[in-house]
Structures are given as structure tokens and as C-alpha cells.
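Student: From TrEMBL, for reference:
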{"type": "DOMAIN", "residues": "7-147", "note": "domain 'Lactate/malate dehydrogenase N-terminal'"}
{"type": "BINDING", "residues": "GLY12, ALA13, ALA14, GLY15, GLN16, ILE17, GLY18, ASN106, GLN113, VAL130, GLY131, ASN132", "note": "NAD(+) binding site"}
{"type": "BINDING", "residues": "ARG93, ARG99, ASN132, ARG163", "note": "substrate binding site"}
{"type": "DOMAIN", "residues": "157-324", "note": "domain 'Lactate/malate dehydrogenase C-terminal'"}
{"type": "ACT_SITE", "residues": "HIS188", "note": "active site, proton acceptor"}
Amino acid sequence: MTRTPVNVTVTGAAGQIGYALLFRIASGHLLGADVPVNLRLLEIPQGLKAAEGTAMELDDCAFPLLRNITITADPAEGFNGANVALLVGARPRTAGMERGDLLAANGGIFGPQGKAINDNAADDIKVLVVGNPANTNALIAQRNAPDVPAERFTAMTRLDHNRAIAQLAKKAGVTVNDIKKLTIWGNHSATQYPDIFHAEVAGKNAAELIADQNWLEGDFIPTVAKRGAAIIDARGASSAASAANAAIDHVHTWVNGTAEGDWTSMGIVSDGSYGVPAGIISSFPVTTKDGKFEIVQGLEISDFSRARIDASVAELVEERDAVAELGLI
Ligand SMILES: NC(=O)C1=CN([C@@H]2O[C@H](COP(=O)(O)OP(=O)(O)OC[C@H]3O[C@@H](n4cnc5c(N)ncnc54)[C@H](O)[C@@H]3O)[C@@H](O)[C@H]2O)C=CC1
Ligand SMILES: O=C([O-])CC(=O)C(=O)O
């Protein structure tokens, strides 16, 4: 049976994440090895020529699943009929900046794109915001798309999730395959809280197995939370291939489901669970099935975890208030 192609829009297609992302979408890693895709590359006018070059290379791969490529600087055309939208296009930070410092530069991008999604995307649109500050940019896009169900707007904390899994696996001396139920709470920023208290290492509770509070507080949490800055310091540019990989993972898991006995982390519109104010876009532990996600409920939150979740959520509330002040939501 021939499946109907899925329309996937990528903004910032000519940027470094775009270059690492598009070839994997076209080769079937985003949605599945049997799902044909049409690519819509949305750029600003200055980025169109480079996007055309990338499209030439995509052609040259002769990907069996890639049906057609549209390149445009017009958001209405870029999001026309989109089933999946990856909002990557935004300025990256450089050394010495926090991601929140990008709010003024990037916030203005996401209102018009949210509106264009509202007016042009397919009814089943799923949106992942990657451009920083991702949670609050996702909030801006969501608030500008009143006809789209709020839960279709998500922000990427999967890179943090994957980073935390890698660090925990190293410490425990196991492979990443043995790590389950890791959670990133809060903002994709230095205040995020990577939580190992419910995580499992080969079926055993991670915090009890590691039993090393100094490592947890002095090494694991800051290493994960500040990894983006460490990459900028080492590479001279912000994470690209790992960010693209996380975007692929995020959407693949959303569409195809979490594994039995595991969950993932996604920035989603809070319903008030775990005391996170309803309406802000915060990272939670979620399970996914049939293209829908649910927050994992009933986890016991210790005082240690509570203080860290609250601090990150307080930052998200501040960011929400700042963009409200700027008239972006
Ligand atoms: N959530 C996460 O975990 C991560 C987020 N990021 C963020 O992703 C964003 C993109 O990073 P890079 O690809 O490295 O940046 P880049 O500078 O290489 O590429 C950005 C691209 O976006 C385009 N662009 C700018 N405004 C646009 C608009 N209004 N519409 C469409 N395209 C537009 C630019 O022309 C450029 O080609 C940055 O904000 C970065 O901080 C990066 C890594 C991880
Ligand atoms: O740190 C940055 O600016 C880029 C990013 O979001 C990450 O690598 O997590």
C-alpha cells in the first residue's frame, strides 16, 4: 500500500541544525521507514540560496521516501498543509549568553509563525520548537494559534534528556540501553532539573544504586544543565548534530510511542500537574501512544526535587511575564 506523504516543515533550513536534520527526515528517521515525506523549507530571504543548495544535495541522495521539496520565505506557503513543523529558525547564543538573552532577538519570530500555522497547517499539525529560548518561544507560537489545540505545541528538552541518559550510563558503567525513566523538569535552560530519583539502571532505582549526593549535585546536574555552554566553548558554535538528533527523537517518539516501561521528556503546555502553573510550557515526564502524550502521574517528589522544579518553573513564569510585557502573547 502506498501511504500518503506527510508534509514536514523545517524553519531555519539553511542553518547548522537544519543541515544536520533534513537528510535524516528525508531518509525516514523522523516518522518511519515506510512514510514518504514532502519537505517545506522555510527561511528568511537571505537564507534561501543556501537552502536551495541543501535541496540540491537532498535531490542528489535519491532518497526513496522524499517526494518533493518546497523552498520559501513566505510562512503561509511554508506551513501550508503542514502535518509536522520543526521550528528551528532562530539566532543561536554565543559564549557568555544565557538562552533567555535571546528572547528579544528571537521572540518576534514565533508569533507570526504561530499565526501562519493557525491559518495554513493541516488539522493534525504537530509542532516542535527548537529555537531558543525554546519553551517560551513555543508558548508565543501556541498563543498565536488559537484554533490549534494547545497540546500540539511542544518545546525540545529531548537533548537534555539524552545528555542526562549518557551521563548516568557513564557513571553507572552501563550502556544507554539500560537507562529508563529519566526526567527533565522545567525549562531548557541552566535551571532545568534532570531527575534520577525515578530513573532505573538495568531495572534498579538509579539514585539508590549510585548513592552519591556529591556527584548528583556537583557533577551530574550541572554537567547536564550547562552542556550547551560547554559545547559552545569547545566547538565555537552551539550544538547542531546532537540537537538535530534530539529533534528526530522527539517527533519519532511523539508519533510512534514510548517503549513499554519507559517514558521521555517533552516541553508541553502544563495542565497544572506537579504544581506547575497551568498554561506555561514546561518539561515533564510523558508517555506517548498513537500520536498523543500523557504526563506520567503520581511520582513522589522529594524536597530536593521540589526546590529544583520550582526554581526552573519560576524562571518560566518570569519569561512568560516578560513576553506578555513585550506584547508577544
Ligand atoms: N532546544 C534545544 O535543545 C536547542 C536549541 N538550539 C537553538 O536552535 C536555533 C537554531 O540553531 P542553529 O541552526 O545552530 O542556528 P543557525 O544560525 O545556524 O541557523 C538558524 C537559521 O534560521 C534562519 N532563520 C532566522 N530567522 C528565521 C525566520 N524568521 N524564519 C525562518 N528561518 C529563520 C537563519 O537564516 C538561519 O539559516 C538557535 O536558537 C539555537 O539556540 C540549538 C541547540 C539545541
Ligand atoms: O546551549 C545552546 O545555546 C544551544 C542549546 O540549546 C543546547 O545545546 O542545549
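Yeah, the Cβs are placed from backbone N, Cα and C, and that goes for glycine too.
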Student: Counting Cβ atoms within 10 Å across all protein chains shown, which of the recorded positions ARG93, ARG99, HIS188 comes out on top?
Tutor: HIS188
Student: Relative to the Cα of ASN132 (substrate binding site), which of the recorded positions GLY12, ALA14, GLY18, HIS188 have a Cα no more than 10 Å away?
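Tutor: Neighbours among recorded positions, in sequence order: HIS188.
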Student: Could you tally the C-beta atoms, other than its own, that fall within 10 angstroms of the C-beta of GLY18 (NAD(+) binding site)?
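Tutor: If we count other Cβ atoms within 10 Å of GLY18 (NAD(+) binding site), we arrive at 25.
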Student: Averaged over the domain 'Lactate/malate dehydrogenase N-terminal' (7-147), what pLDDT does the prediction give?
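Tutor: Per the prediction, mean pLDDT sits at 96 for the domain 'Lactate/malate dehydrogenase N-terminal' (7-147).
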Student: Taking each of the binding-site residues GLN16, GLN113 in turn and counting other Cβ atoms within 10 Å of its Cβ, which one has the fewest?
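Tutor: Ranked by other Cβ atoms within 10 Å, the binding-site residues GLN16, GLN113 bottom out at GLN16.
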Student: Out of GLY18, ARG93, ASN132, which binding-site residues lie by ligand 2, with a C-beta less than 6 Å from some atom of it?
Tutor: ARG93, ASN132
Student: Listed binding-site residues are GLN16, GLN113, GLY131, ASN132, ARG163; which sit with C-beta under 6 angstroms of ligand 1?
Tutor: GLN16, GLY131, ASN132
Student: Which whole number of Å gives the largest C-alpha distance between any two of GLY12, ALA13, ALA14, GLY15, GLN16, ILE17, GLY18, ASN106, GLN113, VAL130, GLY131, ASN132, the residues noted as binding NAD(+)?
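Tutor: Taking every pair of listed residues, the largest Cα separation comes to 20 Å.
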Student: Restricting to the same chain and to sequence separations of six or more, state which residues have a Cβ under 8 Å from that of GLY12 (NAD(+) binding site).
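Tutor: Non-local contacts for GLY12 (NAD(+) binding site): GLY18, LEU42, GLU43, GLY47, LEU87, VAL88, GLY89, ALA90, GLY131.
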